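For reference, Swiss-Prot has these:
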- Cys150-Cys164: disulfide bond (DISULFID)
- Cys212-Cys213: disulfide bond (DISULFID)
- 1-22: signal peptide (SIGNAL)
- 23-233: topological domain 'Extracellular' (TOPO_DOM)
- 234-254: transmembrane segment (TRANSMEM)
- 262-282: transmembrane segment (TRANSMEM)
- 295-315: transmembrane segment (TRANSMEM)
- 470-490: transmembrane segment (TRANSMEM)
Amino acid sequence: MCGRRGGIWLALAAALLHVSLQGEFQRRLYKELVKNYNPLERPVANDSQPLTVYFSLSLLQIMDVDEKNQVLTTNIWLQMSWTDHYLQWNMSEYPGVKNVRFPDGQIWKPDILLYNSADERFDATFHTNVLVNASGHCQYLPPGIFKSSCYIDVRWFPFDVQQCKLKFGSWSYGGWSLDLQMQEADISSYIPNGEWDLMGIPGKRNEKFYECCKEPYPDVTYTVTMRRRTLYYGLNLLIPCVLISALALLVFLLPADSGEKISLGITVLLSLTVFMLLVAEIMPATSDSVPLIAQYFASTMIIVGLSVVVTVIVLRYHHHDPDGGKMPKWTRIILLNWCAWFLRMKRPGEDKVRPACQHKPRRCSLASVELSAGAGPPTSNGNLLYIGFRGLEGMHCAPTPDSGVVCGRLACSPTHDEHLMHGTHPSDGDPDLAKILEEVRYIANRFRCQDESEVICSEWKFAACVVDRLCLMAFSVFTIICTIGILMSAPNFVEAVSKDFA
């Protein structure tokens with residue numbers, strides 16, 4: 001029993017001794033490595049030889065793309081590795097110590113920075129420890145939220161593909177002192193973004209020569225290629241704009257008598273202006289290119305503006321004053337003949353017009369009036385007016401070459417017409433009958449003038465209808481062409497629609 005208990009105590013003592021030796025080896029190794037070590041000295045065996053540094057990065061997330069300020073914000077882990085000639089040891093002399101860690105500033109590390117940084121601190125990395133193994137291989141993995149300047153080309157917005165460059169290089173070492181070598185970027189841990197699709201992040205090593213020095217200055221440039229996802233902008237900007245432009249076509253279908261044609265056109269124009277301001281808020285203030293969506297909005301606003309102008313012309317035609325004159329001949333030929341034939345439009349009541357000589361006109365003379373009046377004494381004004389109107393049954397409508405149709409001309413022979421106009425009749429001794437005939441002539445002239453005014457107004461109203469129908473067809477075709485032509489001019493329009501709207 002005592003022998004077994006003694007064996008247990010010996011095992012515990014050996015374990016504690018091993019732990020204390022392990023800690024002692026690591027402590028002694030740290031003292032040996034940092035003794036006489038200068039963090040400002042480039043750790044190479046031969047000062048004439050460059051120190052090779054392998055550089056790569058791991059892209060975790062595209063956090064934001066600020067189009068207005070042209071800044072790309074990314075979450076990146078940098079990966080740098082090199083061999084430190086002064087940080088090597090024999091593992092047999094320090095058993096169990098495979099690697100050690102040094103904090104920032106205690107050993108040498110390359111001063112690699114993001115050249116096109118837009119951060120206020122410029123260096124946005126979190127300085128972590130440097131991992132060193134027995135062969136002197138050093139590995140430095142600083143994470144950081146990088147803000148880099150990026151030229152945003154908004155020409156094809158919202159169907160655009162952006163390429164933002166991340167240029168890394170040593171800030172103080174040239175190519176003869178530090179040889180920067182590129183490794184492929186890692187995107188295995190990438191977190192997808194709701195606005196952008198990552199298409200790739202290719203890298204390239206460059207060497208640049210400056211006038212001050214003969215040695216090259218290498219840098220590693222990674223190009224973050226990303227495609228904008230258009231579903232959000234399509235639902236919130238493009239589809240409303242298409243619907244608003246379609247509403248602009250309703251201006252030509254709205255009756256002129258409603259009094260709302262101008263109001264509808266102005267309302268649509270103001271709606272497009274509001275959407276234009278929304279796009280201007282997120283776009284950079286640059287004159288290098290006009291965004292695709294701005295081109296579409298501008299063309300739609302031009303269409304709506306022209307529709308308002310045409311609506312003013314239509315309303316002027318529709319409410320034309322008949323005292324302002326008849327329609328010009330060229331206007332009648334173009335609108336009432338050519339355009340109406342092309343649009344398959346007919347004047348209202350054109351098929352119901354009675355031919356000029358459908359009924360044989362009666363000869364109207366005062367003799368017939370006297371015979372009708374001789375049946376009874378003119379004791380009532382109503383009977384006299386009835387006699388007068390019976391004398392006007394010979395009136396009919398006849399077309400005229402200048403204004404289409406003129407109604408109300410008397411179909412009487414010139415002899416009888418002049419006889420009536422001059423008031424010469426057999427019953428000169430009846431003054432009441434003469435007064436009645438004068439009143440009848442006055443009423444007939446008034447009706448004749450009203451008929452002519454109505455014909456003139458109907459011509460102008462029909463011309464307004466023709467202009468409305470013609471502009472409806474023309475503006476519809478132009479709107480469809482602009483919508484398809486402008487939006488489909490984007491290089492990746494089909495790809496964006498197939499991926500985002502599928």
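Keep in mind that glycine also has a Cβ here, set from the backbone N, Cα and C atoms.
For the pair Cys213 (disulfide bond) and Cys150 (disulfide bond), the Cα-Cα distance reads 28 Å. A straight line from the CA of Cys150 (disulfide bond) to the CA of Cys212 (disulfide bond) spans 28 Å. DSSP assigns Cys213 (disulfide bond) to coil, not to a helix or a strand. Same-chain neighbours of the transmembrane segment (470-490): 156, 159-160, 238, 242, 245-246, 248-249, 252-253, 292, 295-296, 299-300, 303, 306-307, 310, 314, 339, 343, 496, counting only residues six or more beyond its ends whose CB sits under 8 Å from a CB of the stretch. Cys150 (disulfide bond) falls outside any helix or strand according to DSSP and counts as coil. Cys212 (disulfide bond) is 29 Å away from Cys164 (disulfide bond) when you measure Cα to Cα. Outside the transmembrane segment (295-315), and at least 6 residues removed from its termini, the chain residues within Cβ reach (under 8 Å) are 238, 241, 244-245, 248-249, 251-252, 256, 261-262, 265-266, 268-269, 272-273, 275-276, 279, 464, 467-468, 471, 475, 478-479, 482-483, 486-487. For Cys212 (disulfide bond), no same-chain residue that is 6 or more apart in sequence has a Cβ closer than 8 Å to its Cβ. For the topological domain 'Extracellular' (23-233), the mean pLDDT of the prediction comes to 93. By the criterion of other Cβ atoms within 10 Å of the residue's own Cβ, the least surrounded of the disulfide-bonded residues Cys150, Cys164, Cys213 is Cys213.
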